[in-house]
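Report on one structure; see the data block that follows.
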Amino acid sequence: MNIHEYQAKDLLRGYGVAVPRGGVAFTPEEAASVARELGGPVWVVKSQIHAGGRGAGRFQDNPGGKGGVRVVKSVEEVSSNAAEMLNHVLVTKQTGPSGKEVKRLYVEEGADIKRELYLGLLIDRATGRVTIIASTEGGMEIEEVAHNTPEKIVKVAVDPATGIQGYHTRKVAFALGLEGKQVGAAAKFIQAAYKAFVELDCAIVEINPLIVTGSGDILALDAKMSFDDNALFRHKDVAALRDEAEEDPAEIEAAKHELNYVKLDGNIGCMVNGAGLAMATMDIIKLYGAEPANFLDVGGGATKERVTAAFKLILSDSAVEGILVNIFGGIMRCDVIAEGVVAAARDVKLHVPLVVRLEGTNVALGKKILAESGLPILSADNLDDAAKKIVAAVKKEAA
Ligand code: GDP
Ligand code: MN
C-alpha cells in the first residue's frame with residue numbers, strides 16, 4: 001500500500017526525521033489558511049497523488065503551464081495556484097498518459113536548496129536485508145541514475161541482528177559528500193528513517209530529494225512510503241491512511257472478495273486457483289502467442305460466490321476478449337467450480353469465448369454440469385489444450 005507525501009512526512013516526523021513544516025489542504029481556502037499559519041516569505045504548493053515526477057509533470061488542460069509542484073511568494077498565489085491544481089488532472093512520467101486528478105494539496109514552507117541528494121531504504125531480496133541506497137544525484141529518477149551513472153549510487157545493507165550502526169550512517173554521509181555537523185545530522189536522520197522503516201513494516205521509504213539547505217541543515221523535501229500489505233493488520237493507523245481514489249477499482253473490488261487480482265495489458269482473462277498455477281497459465285498463454293489480461297488467484301477454498309465475483313471482475317475489464325478458467329479441484333471440488341462458472345456466465349450474459357479446464361475431485365461431474373448448461377463453453381482436457389483453444393477462439397473472433 002502506498003500513501004501520500006504529506007502522510008509519509010507526518011509519519012517520518014513522528015520518528016524524528018527532519019521535514020519542513022506544512023499542512024494538507026482540500027480547497028484553495030484551506031491552502032491559504034495553511035500558508036498564513038506557516039508564515040512566509042516562500043511557500044511550496046504540492047499536488048498529492050500516488051505518483052512521482054510531479055514537479056516536471058503538466059496539467060492535462062494546460063500542457064504549456066506550470067507543473068504539479070509550485071514555489072510561490074504570497075498567500076494570494078498559494079490560493080490561485082491551488083485553484084489551478086485542485087480537481088485538475090496531472091500527467092507525469094509515472095501516471096501514464098491518462099494522468100491523475102489532484103484532490104489534495106500539501107502546502108509547505110519554502111526551503112533554501114543548496115544541494116539535492118537521494119536517500120532510499122528498501123528490502124534487498126538478494127541479501128534479505130534492509131538496504132540504504134544513497135546518491136549525490138537527487139531530484140531526478142533514481143532508475144535513470146542507476147542506468148547512466150551506477151558509480152554514483154552507494155548501497156549499505158544493514159544486518160538485522162545489529163540494527164543500524166554508526167558506520168552505516170557515516171558511510172552514507174561521506175558518500176553524499178557531507179561534512180562537519182552535517183554528518184551527525186545525517187546520522188540522526190538515517191537512524192530515524194530506518195526505525196520508521198522497520199517498526200512500520202515498510203517496503204520502501206524514499207526521500208528524493210534529501211536536501212542540504214543554505215544554512216547547512218538536512219531536510220526531507222519529498223517523501224514516499226510504501227508498506228507491506230501482509231503486515232498492515234498490525235498497523236491500523238497506517239491502514240487508515242489508504243486513499244482508495246488512488247487505487248485500481250478492480251483491485252479494490254478483488255480485495256473485498258479475497259481474490260488476488262492484478263490487472264495486466266493483454267486480452268485473455270484468467271481465472272485460476274493457486275498462484276503457481278496462475279503463473280503457469282499466464283506463461284502458456286504467452287507461449288501460444290497471446291497475452292494474459294490479468295493474474296487472478298481465486299484461492300484454495302473458493303466458494304460459488306467467490307467464483308462468480310471473480311468472473312464479473314474479469315469481465316469488467318473491457319480489454320478481455322476471451323476467458324480461460326484453469327482449476328485444479330483439490331480442496332475445492334470441480335462441480336462447485338462448474339456451478340459457479342455457469343451461474344456467473346448466465347448472470348453476466350457472457351459475450352466472449354470461454355474455455356474451461358478442470359482437473360481433480362469430481363471432475364466428471366464438473367464437466368457434465370458445463371456440458372448440460374447450454375452455454376457455449378469450450379471444455380479442455382489439459383493445460384496445453386486449454387491455452388491453444390482460448391488463443392484460437394480469440395483469434396477467430398478478431399478475424
Ligand atoms: P516529485 O517531482 O513528484 O518528485 O516532487 P518533489 O517533491 O521531489 O519536488 C520536485 C522538485 O521541486 C524538487 O526536486 C525541488 O527541486 C523542487 N522543490 C520542492 N520543494 C521546494 C522548495 O521548498 N523550494 C524550492 N526552491 N524548490 C522546491
Ligand atoms: Mn521527488
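Placement of Cβ uses the backbone N, Cα and C atoms for every residue, glycine included.
Per TrEMBL, the features are as follows:
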type	residues	note
BINDING	K46, G53, R54, G55, E108, A111, E116	ATP binding site
BINDING	N208, D222	Mg(2+) binding site
BINDING	N273, G330, I331, M332	substrate binding site
DOMAIN	9-236	domain 'ATP-grasp'
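Features as recorded by TrEMBL, highlighted on the structure.
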residue	record	contacts (Cβ under 8 Å, 6+ apart)
K46	ATP binding site	E5, R54, G68, V69, R70, L105, Y106, V107, E108
G53	ATP binding site	T92, K93, Q94, T95, E141
G55	ATP binding site	G67, G68, V69
E116	ATP binding site	G138, G139, P209, L210, I211, L221
N208	Mg(2+) binding site	G52, Y118, L119, G120, G138, G139, I142, D222, K224
N273	substrate binding site	D297, V298, G299, G300, A302, I327, F328, M332
G330	substrate binding site	G300, G360, T361
I331	substrate binding site	G300, G301
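DSSP gives K46 (ATP binding site) a strand state. For the binding-site residues shown (A111, M332), fewest C-beta neighbours within 10 angstroms: A111. Its own atom aside, the Cβ of E108 (ATP binding site) has 25 Cβ atoms within 10 angstroms in the protein chains shown. Among the residues K46, G53, R54, G55, E108, A111, E116 said to bind ATP, no two Cα atoms are farther apart than 19 Å. Checked against ligand 2, the binding-site residues E108, N208, D222, G330, I331 give N208, D222 in sequence order as having a Cβ less than 6 Å away from one of its atoms.
Residue density at R54 (ATP binding site): 24 other Cβ atoms are found within 10 A of its Cβ, drawing on all protein chains shown. By the rule that a residue counts when its Cβ sits under 6 Å from some atom of ligand 1, the binding-site residues G53, R54, G55, A111, D222, G330 yield G53, R54, G55, A111, D222. For D222 (Mg(2+) binding site), the count of additional Cβ atoms within 10 Å of its Cβ stands at 22 [all protein chains shown].
Averaged across the domain 'ATP-grasp' (9-236), pLDDT for the predicted model comes to 95.
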